[in-house]
Amino acid sequence: MENGGHAKYRVAVIGSGNWGSVASRLIGSNTAKLPSFYDEVRMWVFEETLPTGKKLSESINQQNENCKYLPGIKLGPNVIADPDLESAVKDANMLVFVTPHQFVEGICKKLVGKLRPGAEAISLIKGMEIAVEMFSEATIGYRKDKEVANRWAKLFTTPYFLVSVAEDIEGVELCGTLKNIVAIAAGLVDGLDMGNNTKAAIMRIGLREMRAFSKLLFPSVRDNTFFESCGVADLITTCLGGRNRRVAEAFARNGGKRSFDELEAEMLHGQKLQGVSTAREVYEVLTYRGWQELFPLLSTVHEICIGQLPPTSIVEYSEHTPNLSIIGGPTPFY
Ligand SMILES: NC(=O)C1=CN([C@@H]2O[C@H](COP(=O)(O)OP(=O)(O)OC[C@H]3O[C@@H](n4cnc5c(N)ncnc54)[C@H](O)[C@@H]3O)[C@@H](O)[C@H]2O)C=CC1
Ligand SMILES: O=C(CO)COP(=O)(O)O
């Protein structure tokens, strides 16, 4: 019998970028200790050839380290890189999705019919400095089944990484998604040397728009979710230190003359920005629903990213947007 007659869980991580590698290390450290999990964690690697000519997956397995996306950090002996998606997931009953969001659809299509019956999945949100074991935290959103949510929390929790659960899948997901747009706005403010007061204002307005947009789309979204780690804490950390912020700062310093794509490739060496594409996707929703004027910050970020407005518009949008008093004042849904 497995685990004294109780179910035993096998984990596969789908993705091996910066956060994917951190997550695999964290999970591997727990599965090695917890009897209800198999030790081995398979990490699917989107295969790349390194400048040395070696395959990334081979290098990870030889060095026990992802030299491209998380250099200098050992992943743990039970983390195995696997470039074959089907082989990586075939025995797993707990799947951790952690790829840039633009690749998820293609990956899911390839997984159709390949998974174990009853396999559960989670999509990861936030937490970066934990690779060097600095204190951090995260939130898991769930619907109804708290026992399942708690099992996932157990898989991730360590003394330096605290994981809580919130019964609000949409709210947790939207926090993690929308804050990347606000981080672009924060980076623009940095690139324009506008200082901390302006940046704090942008973060506050951004948080309000995040909450309002989430609640308009999904009335079930809870206010409290925005005070969890996935909300205000994730927003602050991304606006202070993240990749979206950093590239947006460079974009503003270049007066918007070099594109985000170009700066991403130059500055991130294969890592991917999420804020620019998310801003576009959210803008499509805003346009479709006629909500643009209600969300001037979210709209303006997209218009700046595509070169329709200059970076300075991030603090000028109130002049362009007739309905702007809404940002400062109460509305039915803010
Ligand atoms: N890095 C962080 O601090 C955090 C990241 N996240 C989220 O985790 C997700 C993954 O981000 P990271 O692990 O940081 O990735 P990353 O940005 O460090 O690396 C990009 C990854 O995409 C892969 N890739 C490139 N082309 C691909 C393709 N065609 N198909 C599939 N994969 C491809 C690369 O091999 C690499 O693994 C993103 O949605 C991100 O927003 C969430 C929380 C924290
Ligand atoms: O949470 C993150 C991505 O979703 C991390 O933020 P950055 O990509 O801005 O570093």
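Cβ from N, Cα, C; glycine included.
The feature domain 'Glycerol-3-phosphate dehydrogenase NAD-dependent N-terminal' is assigned by TrEMBL to 11-134.
Marked as NAD(+) binding site by TrEMBL: GLY15, SER16, GLY17, ASN18, TRP19, GLY20, PHE46, PHE103, ARG243, LYS272, GLN274. Long-range Cβ neighbours of GLY15 (NAD(+) binding site) (same chain, at least 6 residues apart, Cβ-Cβ under 8 Å): MET43, TRP44, PHE46, VAL96, PHE97, VAL98, THR99.
Feature annotation from TrEMBL assigns substrate binding site to LYS126, ARG243, ASN244. All chains included, 21 other C-beta atoms sit within 10 angstroms of the C-beta of ARG243 (NAD(+) binding site).
Among the features that TrEMBL reports, domain 'Glycerol-3-phosphate dehydrogenase NAD-dependent C-terminal' is placed at 168-316.
For LYS179, the entry in TrEMBL reads active site, proton acceptor. Counted within 10 Å of its Cβ, the other Cβ atoms near LYS179 (active site, proton acceptor) come to 31, all protein chains included.
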Quiz item: Reduced to three states, what secondary structure does DSSP give GLY15 (NAD(+) binding site)?
Solution: coil
Quiz item: DSSP three-state call for GLN274 (NAD(+) binding site): helix, strand or coil?
Solution: coil
Quiz item: By DSSP, how many residues in the domain 'Glycerol-3-phosphate dehydrogenase NAD-dependent C-terminal' (168-316) are helix, how many strand, and how many coil?
Solution: 117 helix, 0 strand, 32 coil
Self-check item: Distance-selected recorded positions near ligand 1 (C-beta under 6 Å), from GLY17, TRP19, PHE46, LYS179, ARG243, GLN274
Solution: GLY17, TRP19, PHE46, GLN274
Quiz item: At the level of the C-alpha atoms, what whole-angstrom distance separates ASN244 (substrate binding site) and GLN274 (NAD(+) binding site)?
Solution: 7
